[in-house]
Amino acid sequence: DRQTLVAVLQFLRRSNLRESEEILRREARLLGDDLGGSVATVTTSSPGVAAVASVPPGKGEARVDCGVGPSSRREPREVGSPCAARSLGGSPWCWDTRVGFGGAVVVEDQPDVSAVLSAYNQQGDPTLYEEYYSGLKHFIECSLDCHRAELSQLFYPLFVHMYLELVYNQHESEAKSFFERFHGDQECYYQDDLRVLSSLTKKEHMKGNETMLDFRTSKFVLRISRDSYQLLKRHLQEKQNNQIWNIVQEHLYIDIFDGMPRSKQQIDAMVGSLAGEAKREANKAKVFFGLLKEPEFDVPLDDEDEEGENEEGKPKKKKPKKDNVGSKSKKQDPNAPPQNRIPLPELKDSDKLDKVMNMKEAARRVRLGPECLPSICFYTFLNAYQGLTAVDITDDSSMIVGGFADSTVRVWSVTPKKLRSVKTAADLSLIDKESDDVLERIMDEKTASELKILYGHSGPVYGTSFSPDRNYLLSCSEDGTVRLWSLQTFTCLVGYKGHNYPVWDTQFSPYGYYFVSGGHDRVARLWATDHYQPLRIFAGHLADVTCTRFHPNSNYIATGSADRTIRLWDVLNGNCVRIFTGHKGPIHSLAFSPNGRFLATGATDGRVLLWDIGHGLMVGELKGHTDTIYALRFSRDGEILASGSMDNTVCLWDAVKAFEDLETDDFTTATGHINLPENSQDLLLGTYMTKSTPVVHLHFTRRNLLLAAGAYSSQ
C-alpha cells in the first residue's frame with residue numbers, strides 16, 4: 001500500500017536510517033538508480049502533508065523544498081538538470097528546480113496552454129478557503145515587523161488565485177463570500193484589477209478574460225529575503241496548509257535574496273504592477289546607453305553674424321560652439337553602442353545644413369538651472385470641440401500638429417512662414433532645375449496657409465510624430481493603422497497595417513527612417529518607412545502599450561503600458577533588456593535624459609519616477625501632481641525636467657540634483673534595495689497653473705524656451 005510505504009520512508013528519514021531508506025526505495029522502485037547526495041528526493045504526500053525534498057547540506061548545495069499536491073508523484077533528478085520530472089497524475093505542470101547563484105532556489109514552470117486552467121483542479125475543501133487565508137493573514141500580521149512587510153506581498157496574489165480556484169471549481173457561493181470578506185484588505189492600487197475579478201463569477205467567464213489568463217500564465221513575482229521565506233515555509237508546513245503552499249509553488253515566482261529584509265517603504269516603491277515586481281535577472285543585461293558620435297563638419301559663421309559682431313566678439317562666439325559640439329564628436333562615449341550596431345540612414349545635405357543651424361542655436365542657448373528657469377509659452381487649442389487627442393512640435397519649433405477625435409490631423413505653422421505644397425507635375429516641368437532658388441520655386445504660393453488639415457483616418461487620432469527632417473509626419477489611430485504623411489504635398493504616402501486594434505502611440509527615431517508604434521494588442525512594433533511590414537515585434541506586456549519612446553541613440557525603445565510596467569527593448573534583436581515596476585497606474589509618458597543615462601516616466605498615479613538605465617534601478621520619485629501625467633520633457637542640456645498633467649499644471653524639477661550622488665553600489669544592484677530620497681519637494685523648482693487646460697505635450701526649443709500645449713476645457 002503506497003501510503004503505508006510513504007509513512008515508513010518518512011519514519012526512516014526522521015530516524016536518520018539513510019541506508020534502510022535507500023534500500024526500501026530501490027525495492028519499491030520509487031527512485032532512479034543514481035542515489036548520490038545531489039538527488040532531490042520527493043516523497044509523495046498524503047492529503048494534508050507537505051512533502052519535503054531535501055538535499056543534504058554541505059558541498060555548497062541549497063535545500064530545495066517542493067510541496068507536492070495530493071495526487072501527484074514526481075520522479076527524482078539531479079538539481080539543475082534539464083526538466084526530467086514526469087507528472088504521473090495530478091497537475092499537468094512540469095517543474096524545473098534549479099539552484100540559482102547564492103543558493104537562491106528558482107522554481108519555474110512551462111505551462112501547457114490547454115492546461116493553464118486545469119491547474120486549478122487540485123483543490124481542497126472549498127469551505128476551508130476562508131480559514132486558510134485568514135490563518136495565513138493572522139500569522140503574517142503577528143510576525144516581526146521586518147518580515148511582515150515582505151510577507152504581506154503574498155496577500156494579493158494568493159487572494160486572486162484562491163478566488164479563481166473556487167470559481168473554476170464552481171463553488172460560486174464560497175467564491176462570493178471569500179471575495180466579499182477579503183477584497184477590502186488588498187492595496188488600493190489593485191482596485192481596478194479587483195473590479196475585473198469581481199465580474200468573474202462563473203467558470204465560463206474565465207475562459208475569455210485576457211487579464212485573468214495572463215495572471216494565471218505569467219507567474220506573479222515576489223522578491224523576498226531568505227529569512228522571511230524560511231519563516232513562511234515553516235509555518236505552512238507546520239499547519240499542513242497544502243492549499244496555500246500549492247498556490248505558492250504553482251503560481252508565484254519567489255525571487256529569494258540573501259541579506260536584510262526590505263522595509264515597507266522599499267517594497268511599496270517597487271510593487272503595484274499586474275505581475276508583481278520584475279525578476280532581478282530581467283535587469284542584468286548590458287545596455288549601451290551612451291550617445292553615438294556626432295559626424296564632424298565645419299560650422300561656417302554666416303554673414304549677418306560677422307557683421308553684427310565686433311572683432312572681440314568673434315572668438316567668444318566660436319568658443320561655446322567648440323565646447324558644445326566639438327567635445328561631443330571627438331570623444332567616443334565608452335557606454336555607447338558600436339556606430340554600426342544598427343543601420344542608420346546617411347546624412348543628406350539638408351540634414352547637415354539643419355545640424356549647422358542647430359549648432360548655431362545651441363550657441364545662443366540659455367543655460368537653465370534652479371536660478372534660471374525657462375520661460376513657458378503655452379499653446380491653447382480653443383474651441384477644440386473635435387476633441388484634441390495628440391500633439392507634437394517639430395524639433396526646430398516651426399510647426400505644431402494636433403490629432404483629433406474627429407479623425408483629422410491638423411498641422412499649423414507657428415512662425416510667420418506659411419505652409420505651402422509643391423506645385424503640380426505640369427507646373428514643375430516648367431521650372432529651371434539649375435537655378436539657385438529651385439527649392440523656393442517648386443513651392444506653390446497659391447496653397448500658402450497657416451493650417452493644413454489631413455484626412456484619411458477613420459477613427460480618433462491618438463498619436464502624432466514629426467520626422468527629424470520635417471519632411472514627414474506620422475499619425476496613429478483607433479482604426480488600427482499608422483499613416484505617413486508628406487509635409488511637401490500634405491497627402492498620405494503610406495498606411496501601415498499591422499495592429500488589429502487601436503494604436504495608442506507612435507514616434508519617429510531621432511535619426512528618422514525608423515519609427516515605433518504601440519497599441520491595444522499589447523505589443524509594440526518597429527517599422528521602417530520603406531517597409532510595409534514591421535521589422536520587429538516587441539511582445540511581453542500584459543496590457544495595452546500606451547506610450548513609446550526611442551532612446552537618443554536609437555538602439556533602444558522604451559514602452560509604457562497599462563500593466564503598470566515600463567520595458568526597454570533592444571532594437572537589434574528584439575529582446576527585452578529592462579523591466580521597471582513601481583507605478584500604481586497605467587503609464588502615459590516617457591522621456592529619456594539627453595545623455596541617454598536616465599529615463600523619466602509618468603502615470604495615472606500622478607507620480608514621476610526616475611530610472612537609472614545602466615543599473616536597472618529606480619533612483620527617484622517626484623510627487624507634485626494630483627492627476628495623470630501626460631507629458632514629460634528634459635531641457636536640451638538635461639538640467640531641468642518638465643512634467644505636464646491633467647491637473648492643469650506644468651511642474652519644473654531640478655534634474656541635476658535628482659541624479660547627483662546616486663548610490664548604485666553592488667549591493668543595491670544585486671538585491672534591488674533602493675533608498676529613495678524623501679526630497680521631492682526640494683527638487684520642485686516651480687508649478688505653473690493654466691486656467692482650465694490639461695497639459696498634453698511639452699517641448700523645449702533649441703534655445704531652451706519651454707513650449708506647452710493642451711485644449712481648453714470649459715468644465
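A Cβ is built for glycine as well, from the same backbone N, Cα and C atoms used for every other residue.
Feature list (source: TrEMBL):
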type	residues	note
COMPBIAS	299-310	compositional bias 'Acidic residues'
COMPBIAS	322-333	compositional bias 'Basic and acidic residues'
DOMAIN	124-252	domain 'TFIID subunit TAF5 NTD2'
REGION	299-351	region 'Disordered'
REPEAT	381-422	repeat 'WD'
REPEAT	454-489	repeat 'WD'
REPEAT	496-527	repeat 'WD'
REPEAT	538-579	repeat 'WD'
REPEAT	580-613	repeat 'WD'
REPEAT	622-654	repeat 'WD'
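Packing against the repeat 'WD' (496-527) from elsewhere in the chain are residues 344-345, 459, 462-469, 472, 474-484, 533-539, 541-550, 552, 554, 557, 559, 561, 569, 571: each is 6 or more residues past its ends and has a CB under 8 Å from a CB in it. Sequence-distant contacts of the repeat 'WD' (580-613) (same chain, at least 6 residues past either end, Cβ-Cβ under 8 Å): 188-189, 269-273, 276-278, 287, 289-291, 335, 543-544, 546-553, 558-562, 564-568, 619-634, 636-638, 641, 643, 645, 647, 653, 655, 658-659, 662, 664. Only residues 6 or more beyond the boundaries of the repeat 'WD' (381-422), in the same chain, are considered here, and those with a CB under 8 A from a CB of the stretch are 354, 357-358, 428, 442-445, 447-466, 468, 470, 473, 475, 477, 479, 485, 487-490, 696-697, 699, 701-702, 705, 707, 709-712.
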